[in-house]
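J.: Just passing along the structure, written as structure tokens.
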Amino acid sequence: MHKIFSWNDLRHKWWGLPVICALVLIPVTSWLSPIIMLPEGRTYLIYMPLATCVALLMVFDWAAFPGIVLALFLRYYLRVGFDMSVLMTVIYFTSLVLAWLGYRWQAGSRWSAPLGLMTLARVRVSWLLIFLTVFFILVLQIVVESGLLPGYLGMATSEFVTLRTLVNLQAMILGILLNSHVIYLVIRLIRQPRYFRVLRMMLRKQRAPGVKPLEMALWFVVLAVMVTLLCLTGLSEPFAKILLSDYTLTLLFPVLLFGALRYGYYFISIVWTITLTILFNNYQGFISEHGFIHNLVFVSALMLVYTVTLLLMSVISSRQRLLMKKFSAAALQDPVFGLPNLRAFNRDLALYPRSMLCFIRVSDMDVLSRNYGMQLRIQFKQQLAMGLKPYLQEGERVYHLPGYDLVLRVNCEEADTKLQNLHDYLEDFRLIWNGLPLHPNIGLSYCTVYSPVEHLPILLGELSGIAEVSLTTGQPESNKSDHSQVQLEIKDKVDMLHKIQRALDDDRFVLMAQPILGVRGDSYHEILLRLFDGEQESLITPDKFLPVVHEFGLSYQMDMWVLRHTLMFIHQNRTRLPSLRFAVNFTPSTLCRPTFTRDFKTLMLEYEVEPYQIVLEVTESHLLQNMKYADYAMRELRSYGCRIAIDDFGTGYASYGRLKAIQADILKIDGSFVRNMLTDPLDGYIVQSICQVARMKRLSIVAEYVETEEQKAALHALGVDYMQGYLVGKPQLLATLLEYQKP
């Protein structure tokens, strides 16, 4: 004998599983619905069959209607006969069809989205809750008033508005609002048992961070104790009146609200459904018999308010947690390149006590970006990072840096092997762009750091400089002598930066003066700068702090501080030191600043200093930064009456070509040539050549580092106009110039 239908055949038919679920769940939920038999008729505290119909529609759509109609007909046929069962089925069917039509019309393609989404809450509440329940109760009321259905059977009476009808309406709203979600989950599990994994993931995902099992266990214990006490009957009258009245139900709210905020929508909807069903099935424990119907209406309304509040708060808190996770993840990833950013890099460094950082510098990427567009840079970094991932272990990542660089955090085990593998890959990497293989030069630098890593941006700057060296050598480079060397250097640099900033704010720089003696008897002084170290009670020389000043963009503030205090000294001592002249050093970045000449003239007028009293010394090696502003500033200040001196000529970028074009009055020969000019013929010829060109340009010549009479005589023979060095005078505090003047 063959089976008419096998289980697999039945469940895979479009109507099979919906019919089975409806035939099973509608009778079961009807049996579980808490009921009170009043003289006016059957009164529900939670009406679940209508909620079951909504849940079936949410899962099976229109395919659920055959099963719903069959289950409802059989349910009423066994109780009241054929005619009334048909009438009740028609009322259900009409209400559900109209509500579902309205919902599908407004929800569109997102009708089957999971419950608990705020985006569809308004549509679902409007059609599946308010319209469905109100329309159902109104139609039922009309049918009862017309005499087609006895009042004791339905949820309405012959009178239009009664307390019993209100309780039944609230019961339907409670059922759809709360129980439909749990029934929906049950149907999903029946339809696809693997949905249990999704449900477990959602429960874990909606839970607040830091929730411990002990916390949840204590919460369950508190809830169970309160529900048990509320369900107890037969206790002593005073105790019951004080602790176990309907007023005590309000104590449930803080406990449930805590669970809603901490554990999420899915969790609280399941727990509150079970809790409320238990409470209403044991209503005798907390609803007083005195004024029973009024107390019943109040408790039903209170539970409805509880349900709305708990579900709303759980949805909002769960949504906020999910959004915060998304925002946190987005904050740790570059949106264009799709790679972890500097913030993620800083966070990951703190997770490991010891890490090796590998800095990747791609040369000529700016040129390629200008020629091929921004998309090339994006794809280059993305494919380079993708290709590096097979060489990384768990926890090791590639991070995006602004510009053209990448940085890796790798574990220190087998560091040499990892570095060699990374270097080999970078050497072989090619980006195919429109059929053209591109392979710009790539530099690799590395260092080992210990957590916590302080001053990370400065550390990356150091690695960037080392990677530039790697571009030349073609090998991974590191300047560390031990694992903490780079971090120690950065710490020293930051400490120096703080000292410089305090010196600018508190006037803790010290001005020194070194004489420059002319062969014709005239003289002036060069202003030299020292930094007072309050901790060591000593003076710090410029070679220690000037690199930090230049690196952090404090050159202009420092130069203007020196100028202001030099002019202040001239102004305060113009009686004792008339016609005093000073040479003040200015960094090229200051000279290239568009507002420099205006600020310079403003200070000169403020302190009433004549232009001839100030000589501006500029190091030619940096003037190439912006020749337009530099040439303009020198012409403007020369026409104002100041003299321009080119310092350290013969080194760096200073060349005869620049000397030919530059507008200046004084040329200072770098001391590195003067020091050995008598013993090194090459230095002697260089000094002689500089002097000849300077005389042709009609420039005054200053020789630095003059330390012996022989050097002085040789320089005088070459036509040098001014001597500067220990032979002439050592640097001294600016204030000591007053001691050499007669009162």
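The backbone N, Cα and C atoms fix where each Cβ goes, and this holds for glycine too.
Annotations in TrEMBL come from automatic prediction, not curation.
Look at TrEMBL and you will find 493-743 tagged as domain 'EAL'. Among the features that TrEMBL reports, transmembrane segment is placed at 15-38, 50-78, 84-103, 124-149, 169-190, 211-236, 263-280, 292-316.
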J.: Quick one: mean pLDDT on the domain 'EAL' (493-743)?
T.: 87
J.: Which one of these stretches, 15-38, 124-149, 211-236, 263-280, has the most C-beta pairs shorter than 8 Å to the transmembrane segment (50-78)?
T.: 15-38
J.: For the transmembrane segment (211-236), name the stretch out of 15-38, 124-149, 169-190, 263-280 with the most CB-CB pairs under 8 Å.
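T.: Per the Cβ count, the answer is 263-280.
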J.: Same chain, outside the transmembrane segment (124-149) by at least 6, Cβ under 8 Å from its Cβ: which residues?
T.: 50, 54, 84, 87-88, 91-92, 94-96, 98-100, 102-103, 106-107, 115, 155-158, 160, 165, 168-169, 172-173, 176-177, 180
